[in-house]
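Engineer: For reference, TrEMBL lists these features for the protein:
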- His205, His241, His274, His310: heme b binding site (BINDING)
- 46-160: domain 'DOMON' (DOMAIN)
- 166-365: domain 'Cytochrome b561' (DOMAIN)
- 1-23: signal peptide (SIGNAL)
- 204-224: transmembrane segment (TRANSMEM)
- 236-257: transmembrane segment (TRANSMEM)
- 277-294: transmembrane segment (TRANSMEM)
- 306-326: transmembrane segment (TRANSMEM)
- 341-365: transmembrane segment (TRANSMEM)
Amino acid sequence: MEKAWKIVLFSCLVVSFLASSSAQTCLTQTFSNNKRYTNCSDLPALNCFLHWTYNQTAETVEIAFRHTGTTSSRWSAWAINPAGPRMQGSQALVAFVNSSGVAHAFTTSIDSMGPSMQQSVLSFDVPSLSATFENNEMTIFAVLRISGNLLSTSQVWQEGPVTNDRLGTHPIGGANLQSTGSVNFLTGQTGGSSSGSRTRRRNVHGVLNTVSWGILMPLGAITARYMKVFKSADPAWFYLHVACQSSAYIVGVAGWATGIKLGSDSPGVTQNTHRNIGIVLFCLGTLQVFALLLRPKKDHKYRFYWNIYHHSIGYTVIILSIINIFEGFDILQPDDKWERIYIGILIFLGIVATLLEAFTWYIVLRRRKTGSSDKHSHTMNGATGLNGYGATGQGV
């Protein structure tokens, strides 16, 4: 049991490391006005982040562009450019700290390679625009009223020096040449970035749950059912079973938590069947963890009832997991190849389980037959008085 807990602890550490290394910074960011946005993206250059919410009814995009690690002597800008991921033609939002110490935001249209960076109107309406500078972070808040052809467009962001309220030219090397990408305000997808958008979170949610509940859980059940028939595999099968199921539970809880977060960030969007099955799976999976902690010894009088409890919940979890994964495919609607790949994995596991089931019954029946023959031979020997060499046990 001590080895099993070491395996569980190691699994927890690995999963925690992977989760922390892949976490998006923008998901942890907050704003002084307590504003929350539906989507966010870690932009790949200049320590910048974009948050936004698209209002389809009003045809507006509410955005918050944050530039971290800057100073009051630098300006920050974010822009969209329907002509492509470049500076010329960009419709920009610019902010800097003026000589009065106040963050000032304005709009400007970049119409040449040597822009004046003076205030000018954009090709679309900006009903609201403001900026804050706190803790070496410049944040631009804006509401954009854009047409349908700008819902999927290129984005550009930059930073440069400020001297006496005059905006200087930004550097033309390094990260400043990498600060371009694309954004789809409707779907939440971004390009050229390590996206923390809703679409990416939905994909992460799907992958975590498919791997954990849909693959590791059945694999752990197969390990327990078919390995323990081999006496030489005891207790290795138990440790493998614990490692597999514990890893599945830990990764599955991470996927479940991602789903809960997605639900809270998507008001008005409900997936009742998928959500309810997910909650049931979390509860049953937690019960299985307690089953490990409360597992009685083999000769205990309650071991029979524990086995019924453990096996029933285990197979229920596997069945519900597979159902819910296909519910998730219907919601995410990924490329058909991903669903076909998962179906292929299920077919493979099913074939392996079928072959192992047949082999297991062969082993069991052969042992029963051997045991019955040995018992019959022992009975005959006792009745005739013959010893192992065919002679009577009486004295000669």
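Easy rule for this one: first residue shown is 1, then count along the chain.
Quick reminder: no glycine exception, Cβ is built from N, Cα and C everywhere.
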Engineer: What is the total of other Cβ atoms whose distance to the Cβ of His310 (heme b binding site) is within 10 Å?
Structural biologist: 17
Engineer: Could you count the residues of the domain 'DOMON' (46-160) that DSSP puts in helix, in strand and in coil?
Structural biologist: 3 helix, 67 strand, 45 coil
Engineer: Just checking, which of His205, His241, His274 (binding-site residues) has the fewest C-beta atoms within 10 Å of its C-beta?
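Structural biologist: Counting other Cβ atoms within 10 Å of each of the binding-site residues His205, His241, His274, the minimum falls on His274.
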Engineer: Rounded to a whole angstrom, what is the largest C-alpha distance between any two of the residues His205, His241, His274, His310 that the record assigns to heme b?
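Structural biologist: Of all Cα pairs among the recorded heme b binders, the widest measures 27 Å.
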